[in-house]
Amino acid sequence: MGAKTSKLSKDDLTCLKQSTYFDRREIQQWHKGFLRDCPSGQLAREDFVKIYKQFFPFGSPEDFANHLFTVFDKDNNGFIHFEEFITVLSTTSRGTLEEKLSWAFELYDLNHDGYITFDEMLTIVASVYKMMGSMVTLNEDEATPEMRVKKIFKLMDKNEDGYITLDEFREGSKVDPSIIGALNLYDGLI
């Protein structure tokens, strides 16, 4: 699929239909919109960040958008192609809870080693706080990114080894309604 700018082939449509929660018509509509916004058939990092700035004018979304871009860009070529875009959109908007949790874990696992360290989570949480700016009033026990991450680690890092595995992340997320709520927020952030 890559940087094609024409209609999707039947094979491409079939493949995307099998690997996403969208039907053929929806895939074609998303593809048409993607090409309208990205005539080259790909979305560069700087353009992705610009789009995020439009959605969060009262905050600074650059850091979060850059982290998010990395999760989208599966082939690490510096661009988001339609297949990458529609796959993430499918997972975040229509995926199962388990799929959404795996996707969120991938966002936090910055070095892709299968674990989330305190610093990795702090990086993402701080970027979310910066992005939201003055739009959100925080609880006193989550007034800073550090406080939020300490609270999350206390909940999730059951064996207190300093990092969170995918299983710990899944289990901890299921008992904290705010995390499930945040996963549903991603529906609107992407």
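Each residue, glycine too, has its Cβ placed from N, Cα and C.
Keep in mind that this is a model prediction, so the values were computed, not measured.
Features of the protein shown, as given by Swiss-Prot:
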- Asp73, Asp75, Asn77, Phe79, Glu84: Ca(2+) 1 binding site (BINDING)
- Asp109, Asn111, Asp113, Tyr115, Glu120: Ca(2+) 2 binding site (BINDING)
- Asp157, Asn159, Asp161, Tyr163, Glu168: Ca(2+) 3 binding site (BINDING)
- 24-59: domain 'EF-hand 1' (DOMAIN)
- 60-95: domain 'EF-hand 2' (DOMAIN)
- 96-131: domain 'EF-hand 3' (DOMAIN)
- 144-179: domain 'EF-hand 4' (DOMAIN)
- Gly2: N-myristoyl glycine (LIPID)
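All features noted in Swiss-Prot, drawn onto the structure.
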residue	record	Cβ within 10 Å
Asp73	Ca(2+) 1 binding site	20
Asp75	Ca(2+) 1 binding site	11
Asn77	Ca(2+) 1 binding site	12
Phe79	Ca(2+) 1 binding site	21
Asp109	Ca(2+) 2 binding site	22
Asn111	Ca(2+) 2 binding site	9
Asp157	Ca(2+) 3 binding site	18
Asn159	Ca(2+) 3 binding site	9
Asp161	Ca(2+) 3 binding site	10
Tyr163	Ca(2+) 3 binding site	19
**OP:** Mind tallying the domain 'EF-hand 2' (60-95) by DSSP state, helix then strand then coil?
**Re:** 24 helix, 3 strand, 9 coil
Original post:
Excluding Asp157, Asn159, Asp161, Tyr163, Glu168 themselves, which residues in that chain have a Cβ inside 8 Å of the centre of the Cβ atoms defining the Ca(2+) 3 site?
Top reply: Met156, Lys158, Glu160, Gly162, Ile164, Thr165
Original post:
When neighbour density is defined as the number of other C-beta atoms within 10 angstroms of a residue's C-beta, which of the binding-site residues Asp113, Glu120, Glu168 has the lowest density?
Top reply: Asp113
**OP:** Select the closest residue to Tyr115 (Ca(2+) 2 binding site) from the following binding-site residues, measuring between CA atoms: Asp75, Phe79, Asp157, Asn159, Tyr163.
**Re:** Tyr163
Original post:
Short question: which residues 6 or more past the ends of the domain 'EF-hand 4' (144-179) have a Cβ under 8 Å from it?
Top reply: 97-98, 101-102, 104-105, 108, 114-118, 121-122, 125-126, 128-129
Original post:
At the Cα level, what's the spacing in Å between Asn77 (Ca(2+) 1 binding site) and Asp113 (Ca(2+) 2 binding site), rounded?
Top reply: 20
Subject >> Outside the domain 'EF-hand 1' (24-59), six or more residues from its ends: residues with CB under 8 Å to it >> reply: 2-5, 7-8, 13, 16-17, 65-66, 68-69, 72-73, 78-82, 85-86, 89, 130-135, 189
